[in-house]
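Quick look at what TrEMBL lists:
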- Cys370-Cys375: disulfide bond (DISULFID)
- Cys683-Cys692: disulfide bond (DISULFID)
- 217-414: domain 'Peptidase M12B' (DOMAIN)
- 423-512: domain 'Disintegrin' (DOMAIN)
- 659-693: domain 'EGF-like' (DOMAIN)
Amino acid sequence: MDKNEIQASPHVLKSYDSGSGNSIETAMAQILPGQTLSFTCSPGNGTLPHPPQDTHKIYLQLTVPEKIVSPAAKRRPEHNPDNNYHLSIFLYFLSRSFLSPGALVYYYDQEGNKHFQTLLSQMNCNYNGYIAGFPDSLVTLNVCSGLRGTIQFKNISYGIKPMEAASGFVHMVYQESNGNTTNIPALGGDTYDWFNAVHYQARRTIEVNRPSKLYPRSLQINIVVEKNLFDYMGSDTKTVTQKVIQIIGLANTMLAQLKLSVVINSIEIWSNDNEIPTDGRVDLMLLDFLKWNHDHLDTPTLHISYLFVFQKNPIQAGAVFPGKICDENYDVGIAVYPDGFSLESYTIIFVQVLSLGLGLSLDTSQACYCPRGVCTMMPKAVNYGGIKEFSTCSLDEFKFFASEDRLQCLEKNLVERQSPALGGKCGNGVVEGGEECDCGPESNCSHKSCCNPADCTLKPTAVCGSGECCTQDCRIKPINNLCRKAVDLECDFDEYCNGNQSECMPDTFVRNGHYCGNNEALCFNGACRNFDEQCKRLLGEDAKGATFACYDEMNSRGDRFGNCGSSFCAFQNVLCGKLVCLWPHKRLLMRVNYSVVYAHVREDVCVSVFKPSPKQAGTVTRVSSPGQRDDTFVEDGSICGPDMYCDKMVCKEVRYLINYQKCNVTRDCNDRGLCNNFDHCHCSEGYTPPECKPMRGGFGSIDDGHKITTKIG
C-alpha cells in the first residue's frame with residue numbers, strides 16, 4: 001500500500017510529559033477463589049532491599065500477604081465476592097476474563113526465528129472490583145504471578161507489585177504520581193491537517209439528540225510491542241506480556257462505562273528487531289504499520305491491531321484513523337509510551353487512541369459535562385490519578401455510533417463476565433453467576449468433600465469443587481488428562497484438562513460444513529449428519545434414509561406427516577422438513593406414542609412419523625420456531641443437494657456456512673489438519689498447532705487443552 005493512496009486521515013495526539021522510571025515484576029502467588037489475604041504492613045522508609053529510582057512512584061510500605069479464612073465465603077455467591085484482600089482495607093473482586101480462548105504471544109529469538117506461547121495460564125488471573133467502604137473506588141489486579149495492579153480512589157491511585165529482590169511473598173504498595181505538565185495532547189499534527197475538529201464538533205451536536213441503550217460488546221484486538229518498548233520494560237518476554245495484560249485490564253476497567261470489553265487475541269513482541277521504523281513521526285509510522293499489519297500478521301482475518309511504541313521525548317503520543325476501527329482498510333492505531341510514564345498514565349493514552357478509533361472525540365468543549373472534573377477523553381487526563389469516567393459527550397457519541405451499526409466489528413457478549421447479579425442456579429451442575437463450584441444436587445453431589453452443595457461455595461482448603469478436571473481430593477488435574485472423549489470419529493475431537501481450571505475445555509469439533517461419511521454427508525456441531533443414521537436412531541437398524549422422490553411426496557403434503565413447520569415444503573426445501581425413511585419389511589412399523597404414514601413411491605415404501613403432543617391440536621404439526629422441532633424432523637446440517645445443507649428447514653449453500661478467510665486448511669494448517677469450530681487448526685498426529693508444523697508428538701489444537709509440543713525455550 002502506497003502512503004499516497006491512503007484516503008482516510010489519521011488523528012494524532014501530541015505528547016505528554018512526566019517523570020522517568022520503570023517497574024519491577026516478579027514473585028509468585030496462588031490466589032484461590034473465596035479466600036482472603038491479609039497484608040502485614042511494615043514502614044517503608046529505608047526498608048527496601050534495593051530502592052528503585054522511579055520518580056513517578058511515591059513508595060509507601062512493604063506488605064506480606066497472609067492467607068486467612070473469610071466468613072463471607074460461607075454466604076451465597078450472589079452476596080459474596082470471588083476474592084477479597086486486606087491492606088488495612090478490604091478489596092472485593094470478581095473474575096474478569098479478557099483473553100480469547102486461543103490467545104497467543106509471539107516473540108523472536110536472536111536469529112530472528114518466530115516462536116509462540118499460549119496464554120492459557122493467564123485466563124483466570126485477572127480480577128476487578130472495589131474497596132469496602134469506598135463505593136467511589138476501583139481495583140484492577142492480576143493475581144497469577146504475585147499481585148500486580150492498580151487501586152483507584154476518586155483522585156488518587158495506588159499500585160501494588162511483588163518485590164524482586166526481597167525474599168518471601170513481599171509486595172510493595174506505592175502511590176502513583178502522574179506528574180503535572182502543560183504539554184498535553186492536542187488535535188492535529190505540527191505539519192499535517194489530518195483532522196477537521198470543527199466538523200467533528202458540529203457532528204457531535206447533532207448526534208447527542210439520538211441516544212440509544214448500551215449493550216455489552218467486545219472488541220478483539222492484536223497488540224504489537226516494538227523493540228524499544230520491549231527493552232524499556234525489561235527485555236523479558238514474560239515481564240512484557242504481564243505488563244501488556246495489566247494495561248488491557250486497567251483499560252477494561254475504564255471502558256466498563258461503555259459496556260465495552262477489549263479482548264486480547266494475540267500479543268506480538270518484536271524482541272529482536274523492529275519490523276517497521278519506529279523513531280519518526282507517529283502519523284507516518286501509522287501508515288507503515290497499517291501496511292505491515294495486513295501483510296504479515298499471523299491472524300489475517302483479524303486486522304484490528306495496536307502498536308505500542310516507546311519514545312523518550314515524543315512529539316506525538318498516538319495516532320489513529322478516527323471512527324475507522326471497523327473498516328478493515330484503516331483498523332490500526334499507535335500508542336506511544338513516553339519515558340517515565342506509569343502504566344496507569346500509558347493506559348489513558350491507549351484508551352484515548354482506542355476511543356478515537358471508535359468515533360469518540362477529545363473533550364475540548366465546556367459543554368461536555370464531566371462528573372469527576374477530569375474525564376477520560378480530556379487531554380489533561382493523563383496527568384491525574386484516580387478514577388476516570390467518560391463525559392456526557394463521549395457517552396452520546398458512543399451510543400450514536402452503536403445505534404447506527406458503525407461498530408459492527410464489536411461482538412455482543414463475546415466475553416462472559418462473572419457477576420453475582422446473574423444469579424446462578426445452584427445445584428444444576430453448571431458453574432455460573434457468582435458460584436465458586438456446582439457439584440449438582442445435594443443428594444448427588446459429585447465432589448462432596450470439596451463443594452458445599454447448598455450454596456455452591458468451596459470448602460476450606462479446596463482448590464476446586466466441581467468439574468471434570470477436579471479430583472476427589474479437591475485439586476485440579478494435571479495437564480493432558482482426557483476429560484471429554486470424541487463422540488464422532490470423523491467430526492469430533494477429544495478435550496483435555498489444561499492444568500489451570502477445574503472445568504473441561506469447551507467442546508471442539510470439525511468446523512461445520514466439512515464433508516464426512518465418504519463425502520456423502522457433512523459435519524455439523526460435532527456429528528456426521530446423514531439420513532441413514534437418523535432413521536436408524538428413530539425407527540431401528542433396518543430403516544435407512546429415503547430417496548428424493550419419497551421426500552417430495554411426503555413433504556409436499558402440508559399435513560402433520562410432511563411439512564416444513566406449519567405448511568408444506570417448497571420444492572427446494574423438501575429434504576429439510578419432516579424426516580422420511582425407507583422401510584424394507586412387509587410388517588407394519590410399530591412404535592409406541594408415534595403415528596405412522598406409508599407411501600409407495602417408485603418401488604420404495606416411504607415412511608414418515610408424527611409424535612403427538614398434548615399441547616398440539618388439529619392435524620398439522622405446528623412449529624412456530626425451528627427450535628420446537630423434535631426427532632421426527634431432519635437435523636440441521638443434513639445434505640439437501642450438491643454443496644447444500646439444511647438449516648432450520650431451509651436448504652442453503654455450504655459456502656455461506658464456511659468462512660475460508662478465517663481458517664483455510666491449505667493456508668493456515670499446511671494441509672496437515674482440519675479447521676475446528678473456533679476457526680483454528682486441529683493438527684494431525686506428528687504436527688503441532690497452531691500452524692501444523694512437523695513436530696514429534698504434536699497433535700490437536702490450541703483449544704483442546706493439551707500441552708502443546710513446541711521448540712520454545
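Backbone N, Cα and C define each Cβ position, glycine as well.
Remember, predicted model here, so these are calculated numbers, not experimental data.
TrEMBL feature annotations superimposed on the structure.
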| residue | record | Cβ contacts under 8 Å, 6 or more apart |
| --- | --- | --- |
| Cys370 | disulfide bond | Asp363, Met378, Glu389, Ser391, Thr392 |
| Cys375 | disulfide bond | Asp363, Cys368, Ala381, Lys388, Glu389, Phe390, Ser391, Ser394 |
| Cys683 | disulfide bond | Cys669, Arg672, Gly673, Pro689, Cys692, Gly698, Phe699, Gly700, Ser701 |
**Asked** Are the domain 'EGF-like' (659-693) and the domain 'Disintegrin' (423-512) near each other by the rule of at least 3 C-beta pairs under 8 angstroms (pairs 6 or more apart)?
**Response** yes
**Prompt:** According to DSSP, which kind of secondary structure is Cys692 (disulfide bond) found in, if we only use helix, strand and coil?
**Reply:** coil
**Message:** Could you give me three numbers for the domain 'Disintegrin' (423-512), the DSSP helix, strand and coil residue counts?
**Reply:** 3 helix, 14 strand, 73 coil
**Asked** Which whole number is the mean pLDDT over the domain 'Disintegrin' (423-512)?
**Response** 88
**Request:** Indicate whether Cys370 (disulfide bond) is helix, strand or coil by DSSP.
**Result:** coil
**Request:** Tally every other Cβ atom lying within 10 Å of the Cβ atom of Cys692 (disulfide bond).
**Result:** 24
